[in-house]
Amino acid sequence: MQITFLGTSSGVPTRSRNVSSVALRLPQRAELWLFDCGEGTQHQIMRSELKISQLSRIFITHMHGDHIFGLMGLLATCGLAGNVERIDIYGPPGLNDYIQSASRYSYTHFSYPIKVHAIRPGVIYEDDYFTVSCGNLHHRITAFGYRVAEKDRTGRFDVEKAKALDIPSGRIYGQLKRGETVILDDGRVIDGTQLCGPTEIGRKIAYCTDTIYCDGAVELAHDADVLIHEATFAHQDADMAFQRLHSTTTMAAQTALAAGAHRLIMSHFSPRYAPGNTLELKDLLKEARAIFPRTDMAYDFMIHEVPRRREVELTKVGV
């Protein structure tokens, strides 16, 4: 799983940062999921190594413009490219009306199916490999955070051990690789889990923006390998954060700490902390790391690989 940050500024773009969008690349299935779609997102995708043709799902947190103004342009481009089979879009009530109205008034007709899902807290998508859920955040308008949880899978199959037990290859190997119990022709009962390595723990990613510190974000980020959390303001500007219902760096760090997350990546920074100002982004990073040391600061086109965890590794660190 690979995370690419396409936009890391809050409210408005700057020369070095576009507005909100994060891409999740799933190489094992040549699929791309997008979280928020601020103005200019399609340009950011084109400047990256991502492929628009692989886009299959878009998750919108809320209906503020810096999170949705790039959506119609991206969808129109997907149609003109002609190589997108279908896109499912998930978001708050009103998202479908927005897309339909923009399409009608701009005379935009899509050459591929688009399905808009009005979400409510809970599981919103599930397949054999992933579960995606959402939860309420605390912002000025209805806002949702997302959690992508990869399902655990059986560890690596020990072919040599299977051969040593004179287990015939073929269909039976497939069953054993899945951890199933198989009865051989000679009557032996083989437990597939005994021929597989440690269970590969599914990776978990949480995406929480826009919000002030809230229990909903903590729940979504529980045991997350990566928590992507907004950090619009520095701690000294907490009054503005409470007024506008955005997070400070310390709120983001406290969320990661309370959730037991393994890594925090902050994003959605106010342009007021540009280089040369009294407070700069490097100062915001220090604030967060004082509370949660495993904190990084996102920048446009930053790529973060999410490694797998194994039960043995978790036992060693006492998780």
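Yeah, the Cβs are placed from backbone N, Cα and C, and that goes for glycine too.
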For the Zn(2+) 1 site that Swiss-Prot gives as HIS62, HIS64, HIS139, the extra residue out of ASP210, ASP215, ASP223 is ASP210
According to Swiss-Prot, ASP66, HIS67, ASP210 bind Zn(2+) 2, and the residue from HIS268, HIS304 that belongs to that same site is HIS268
Listed in sequence order, the binding-site residues within 10 angstroms (C-alpha to C-alpha) of HIS268 (Zn(2+) 2 binding site) out of HIS62, HIS64, HIS139, ASP210 are ASP210
For HIS62 (Zn(2+) 1 binding site), the three-state DSSP class is coil
By the 10 Å Cβ-neighbour count, the most surrounded of the binding-site residues HIS64, HIS67 is HIS67
Rounded Cα distance, in Å, between ASP66 (active site, proton acceptor) and ASP210 (Zn(2+) 1 binding site) is 11
